[in-house]
Amino acid sequence: MKAITVLSGGLDSTVVTLIAKDLGYEVTAITFNYGQRAAKREINSAKKICEILGIEHIVVDLPFVKQFGKSSLITEKEIPTLKMEELDSEKAYETMKAVWVPARNVIMFGIASGFAEALDAEKIFIGINKEEGVTFPDNTIEFVEAFNKVLEYGTLNKVKIEAPLYDKTKEEIVKLGAELEKKLGVEVLKYSYSCYHDNGEDFLHCGKCESCMRRKRAFLMAGVEDKTKYIE
């Protein structure tokens with residue numbers, strides 16, 4: 001029983017990888033380098049997590065994505081910051097548009113599907129969630145269902161994408177992650193990387209970007225100790 005996880009090194013994909021591991025799958029994690037600012041830190045976080053969990057790790061380079069320009073994640077455009085109380089406001093939608101990378105999930109999930117078919121994996125686990133689904137249309141269960149329809153025709157082994165966190169908030173994801181860490185006897189959440197920036201040191205977060213603020217709020221609301229290193 002084999003599975004692929006799309007592991008960005010972030011909180012959600014780390015918990016999804018824990019879920020796949022807990023379900024007994026032989027897991028291969030894939031991390032994508034598409035020229036994002038934090039690529040080095042994300043890859044190093046994913047590598048550390050895979051080492052702890054004893055799973056195979058594949059890094060796929062997608063240099064052409066930078067040609068899309070536009071997104072603050074792959075250009076020198078300023079990345080917006082948000083206060084915690086603004087995370088559920090209209091301003092969060094504007095921030096989403098600033099960091100949106102054209103067709104990113106379409107590209108990554110398509111490539112992950114190719115690896116899944118080649119490795120005889122039946123499932124691809126991804127970390128889309130309720131909170132980000134509000135602003136990112138490719139973080140919704142509707143997107144997953146539509147993509148799975150494509151995979152019925154695009155793969156011979158009918159590989160299927162699983163999104164076990166699609167209806168969960170970040171708070172619930174942190175709680176679940178902490179429970180799975182305890183169950184599996186591992187500690188990986190503190191090595192996950194959510195920040196949009198490369199802050200010059202592995203696992204070090206800026207503490208100001210939208211992604212960092214969502215991470216901070218999640219741990220705070222979950223009542224789980226946040227062992228993340230923040231600059232602010």
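Quick reminder: no glycine exception, Cβ is built from N, Cα and C everywhere.
Counting only same-chain residues at least 6 apart in sequence, those with a Cβ under 8 Å from the Cβ of SER13 (ATP binding site) are THR5, VAL6, LEU7, ILE126, GLY127. Feature annotation from Swiss-Prot assigns ATP binding site to LEU7, SER8, GLY9, GLY10, LEU11, ASP12, SER13, THR14, VAL15, VAL16, THR17.
The Cβ of CYS206 (Zn(2+) binding site) lies under 8 Å from the Cβ of CYS195, TYR196, HIS197, ASN199, CYS212, TYR230, ILE231, GLU232, each on the same chain and at least six residues away in sequence. Feature annotation from Swiss-Prot assigns Zn(2+) binding site to CYS195, CYS206, CYS209, CYS212; the stated evidence is sequence analysis.
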Whole-number Å value for how far CYS209 (Zn(2+) binding site) lies from LEU11 (ATP binding site) (Cα to Cα):
15
Near-site residues: Zn(2+), ref CYS195, CYS206, CYS209, CYS212, CB cutoff 8 A to centroid:
SER194, TYR196, HIS197, ASN199, HIS205, GLY207, LYS208, GLU210, SER211, MET213, TYR230
For CYS195 (Zn(2+) binding site), what is the tally of other C-beta atoms lying within 10 angstroms of its C-beta?
25
Coarse DSSP state, helix versus strand versus coil, of CYS209 (Zn(2+) binding site):
strand
